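Chemist: I have a structure here, written as structure tokens, and I will follow up with some questions on it.
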Amino acid sequence: MSGGERKVKRPRAQGWEEAGGEFYQESYPGCEADLDSMHQNPSNIATLLPSKQNRTATYSKKYDTKGTLRRRTASRSQCHNTIRRPSMAPVSQAATDLGALLPDLSENLSNEERTWEEIMQIKAMPVSMAQKKEHKAKLQSQTKLRLQGIEQLKWQRRKMWQQLKKSWSETLAKMDIWRLSMKEVEGDFGTGVVAYFLFIKWLMLLNLGICLLMVVFIVLPALLLKPAEQPQECNLSSNVSGSGSIECCSAKYANSSSEAENIVIQIVQGRGIVEHTQAFYGIYPNVVLDLNSSAGLYYDMPLAYISVALTFMLISLAAIVKSAAKGFKERLVEGEGQFYQYCNIIFSSWDFCINNEKSANIKHKAIYYEIKSSLESERIEEERITRSKEERFKLFSVRILVNVAVIVLITGALYLIYAVFDFSARTQNEDFIAKNELLRLLFEFLPSLCVVGLNLIIPIVLGMMVSLERYSPVLVIRMTLMRTVLLRLSSLGVVLLSFYRLFKCDPCKSEGPDENCKAPACWETHVGQQFYKLMLVDFLSHIAVTFIVNLPRGQLAKYSRNSVITYLCEQQFDLPKHVLDVVYIQTLCWLGSFFAPVLPLLAFVIFFFMFYIKKFACLVNSKPSTIPYRASRSNSLFMAVLLLSFVVMILPLGYTIAEWQPSRSCGPFRGQTTVWSVIVRTFLSSPLWLQHIVFFFSTAGFAVPAFVTLVLCLYYFYAVSAANKHMVIVLKNQLVLEGRDKQFLLHRLSTIIKQQQEHHKAMRAAAQSVQMNSTDISSST
């Protein structure tokens, strides 16, 4: 540099590569030589823009054959300051072409800018909103005046389709249930808790779809259609196997009835008249039904039953994956916006459609809680970073002890469930219990009461333990959910293991009835009844805890002036616990729907009332939790827990369908070796060309090319993702450069204005001096 000036090294945080920055403190002093050249050729200013210079320098660095970045400095003696400029050395043709592909955000988009200015003028007009919309529609409809023929038709069709989608979305928004309730919860507890209530609504609609599927394809055909062939009757004299035949076992089960005469007890237990309806597995026939015999149309009930079960499982999995992917995208977007999250909350979160004071107060609370959650997350993260080694060692030791205690606690709870099931199965048939109807009802519900009671008590203890580990709010939620999920899924595993021990024998064998076997005649219906009772007991426990236990506690904490009572009775809305409540009910529904088609309908009703129960618990009994919950994280976490429960549920259900022998007394699969054998039988009766195609899919000739193609597709999408990430970085850098361009141009403009003012001042001074000289000359003459 000339004049012995040294180049000042700027901090890294102020460089152009800081794409996350939004404000720039760079200065671009002007100089007379550049201004003179700009006056002579105004287009030269484009070459002085920082975006143009940095783009050239970047590609010079990338395509330099020597691998070094060449920098030059230019000295201008006329300038009062030094400008740092990269080299303008010529680059290769490839660099120039790639540089031209970058988006140039400084281009003049006159049509778009003019349209935007007109829209802004319409917004500023002092007229009603209806007139503003009318003016805006006229402005946007001017495009068709420049279109003719097919192009105008396409434009009109596209416009009509957009209006149709907009009107449909508005109609759906008006029909949306619980919209006002969601806003009320959001105002007091934030978006994370609202995501929980949206999750309940999502599960309710999912069960409604499953219920409609079962009613249309299973329940209605079983009610309306008759068997294509008259089923055989039990004939002990002509049957070789005697009373152990399928017909005799089915007749014996159909004629069995519960001893209870109270219809309410039969409905609660799922026995008696309820057991012999389409609500449970055992009543469905194992024959082909006559749909239209004259046209040769028949309805295969066993195939329809297993097909519907597989279909609603696939629908549930697809819905979970889709919602989880959507939540993951929202979480990524939220992660990208952490740099300016407070700007978004303060300047972009207000809803200008609010037209009453109550809604405004609710929105104020929601914004306040969102800011509070963000600040709390940053505080805990800063505390985690500043821990010393001694503190980390103590914390690590505490966490090890807590995890050991959690394992011991869950193991003891599972053993208690197993012992209660075994005790209930052994003592249920005792004479003194069978004679007392109320006592027999209690012993029947004893396993369900044990499971539900442990699911209510153990999570409270786990919540106390996790507070000792001093995790961040996100990890607190995850650890609590993981341990509670382990408890609840393990308890269901113990229940299924108890069923396995109970159903080891078959009371109706082909050789004849087994008098020593205490297993029920239709074990599928018995399993469905147990899940039915579990769902009922769990739902009733939520009602009792919310209105009998937590409501008095909440009122005491609200109105009591005693600090001890307030501390003991005060409740927070523990989101992980409430999430596990609804996930547990949905898992029970999935597990038991194959054995009791009434469970999706029961789950739909439970989730409908559960929304109001949880809303009451949220708004009346609880105060906002100290742990901040975000909507995107909460939604993705809900779906992750639900997906885990779904995967764990599929394992025992898949084993039952593929390996376990169905009952000989009931159900659409009586007489089959396994449930899956119906699918195999149907496949073997299909056309040969279809069998050859399916067999080809299982050969190496299809598997190897499919694997290679899958790997290539994965690599392609990985490359596209990497390119998109690189383009995001480039676009961020380009946005930074555009900001520098604006400051550069503003500084140049201010310099030109100053020079023009000085020039005008000098001209006025010269004119005044000339006038004074002429006056002096005239006066002297």
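In case you wondered, yes, glycine gets a Cβ from its N, Cα and C as well.
As the structure is a computational prediction, the values presented were derived from the model and not from experiment.
Features from TrEMBL:
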REGION    1-22  region 'Disordered'
TRANSMEM  202-223  transmembrane segment
TRANSMEM  303-321  transmembrane segment
TRANSMEM  396-421  transmembrane segment
TRANSMEM  441-464  transmembrane segment
TRANSMEM  485-503  transmembrane segment
DOMAIN    522-632  domain 'TMC'
TRANSMEM  583-613  transmembrane segment
TRANSMEM  634-655  transmembrane segment
TRANSMEM  693-718  transmembrane segment
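Tell me about the surroundings of these features in the structure.
Modeler: Within the chain, the transmembrane segment (441-464) has long-range Cβ neighbours (under 8 A, six or more residues past its boundaries) at 265, 268-269, 406, 409-410, 413, 416-417, 420-421, 423-424, 427-428, 433, 480, 483-484, 487-488, 491, 495, 498, 530, 533-534, 537-538, 541, 545, 574, 577, 580, 584.
Beyond the transmembrane segment (485-503), the same-chain residues lying 6 or more positions past its ends with a Cβ under 8 Å from any Cβ of the stretch are 410, 413-414, 417-418, 421-422, 425, 447, 451, 454-455, 458-459, 462, 518-519, 523, 526-527, 530, 534, 580, 583-584, 587-588, 591, 641, 644-645, 648, 652.
Residues of the same chain lying 6 or more positions beyond the ends of the transmembrane segment (634-655) and with a Cβ under 8 Å from any Cβ of it are 192-193, 195-196, 198-199, 313, 316-317, 320-321, 323-324, 326-328, 330-331, 477-478, 481, 485, 489, 493, 496, 575, 579-580, 583-584, 586-587, 590-591, 594.
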Chemist: Cβ pairs under 8 Å only, please: of the recorded stretches 202-223, 303-321, 693-718, which one is richest in them relative to the transmembrane segment (583-613)?
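Modeler: Comparing 202-223, 303-321, 693-718 against the transmembrane segment (583-613), the winner is 202-223.
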Chemist: Could you tell me what the rest of the chain brings near the transmembrane segment (303-321), counting residues at least six beyond its ends with Cβ under 8 Å?
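Modeler: Long-range Cβ neighbours of the transmembrane segment (303-321): 206, 209-210, 213-214, 217-218, 221, 284, 590, 593-594, 600, 639, 642-643, 646, 650, 657, 668-669, 675-676, 678-679, 682.
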